[in-house]
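**Q** Handing you this structure, nothing more for now.
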């Protein structure tokens, strides 16, 4: 009995590895967020007496004392305490994570928030700045269009709001699929009845014939794909000009 080899798909291993790496990154971000929150709580829990002791210790070391009068220092401490009291509930409602050297506050988004505003806030890299909420009932402003309805041109730049449609794949009324080529007809090699039939071909001969046929089929698919891409040449030209202007 021959031994049976179990082949493990490489894609499953890569998927499991990527999933483990993602879990590790999320766990690290969660732990770091807890540490940052504890540090903020410790800073918010400091009393004015701690600040006064710090001022006394600085004066004892011989450094220049603060030029403020006692009533000014008391006023400043009172303002700091009021700011901490007002900012306490706001800080407790923040959930800042850092991913690839950029931070975003996820507490400002709900479960139904689309991914685009979250990515936009992450790219801004300013967790303290909250994303402006757009009312779902407010209609979007209409896009300015010219006579053709494809683009708007001003004196400085060319703003494109709509790409031109692709050219038709074939003549009007012809329902053909431009991406799928026509099937290649099999080669029938028949022999007259009076001639003796050829012996059965060997496996290597069959493989060679099939390889030659599949090469022609693959070439037909490449040509069909190239013809289909040419239908979008105008759109590609506009996108290329937009990319080169950046």
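Heads up, the Cβ atoms here are built off N, Cα and C, so glycines get one too.
As annotated by Swiss-Prot, compositional bias 'Basic and acidic residues' applies to 37-55. If you look up Swiss-Prot, you'll see 163-172 marked as compositional bias 'Pro residues'. The feature SUMO2 cross-link is assigned by Swiss-Prot to 5, 7. Per Swiss-Prot, the feature N-acetylmethionine maps to 1. If you look up Swiss-Prot, you'll see 135, 138, 182, 202 marked as phosphoserine. Residues or ranges marked as phosphothreonine by Swiss-Prot on the basis of a large-scale study or a structure entry: 167. According to Swiss-Prot, the feature region 'Disordered' maps to 37-90, 129-209.
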**Q** Residue list, the compositional bias 'Pro residues' (163-172) vs rest of chain: Cβ under 8 Å, 6 or more residues beyond ends.
**A** 150, 178, 228, 230-232, 234-235, 238-239
**Q** Most Cβ neighbours within 10 Å: which of the modified residues 167, 182 is it?
**A** 167
**Q** Going by DSSP assignments with H, G and I as helix and E and B as strand, what are the residue counts for the compositional bias 'Pro residues' (163-172)?
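**A** The breakdown for the compositional bias 'Pro residues' (163-172) reads 0 helix, 0 strand, 10 coil.
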**Q** Could you state the CA-to-CA distance between residue 167 (phosphothreonine) and residue 202 (phosphoserine) to the nearest Å?
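**A** Rounded to a whole number, the Cα-Cα distance is 48 Å.
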**Q** Provide, as an integer number of angstrom, the distance between the C-alpha atoms of residue 202 (phosphoserine) and residue 182 (phosphoserine).
**A** 30
**Q** Translate the DSSP assignment of residue 182 (phosphoserine) into the three-state scheme.
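**A** Where residue 182 (phosphoserine) sits, the three-state DSSP reduction gives coil.
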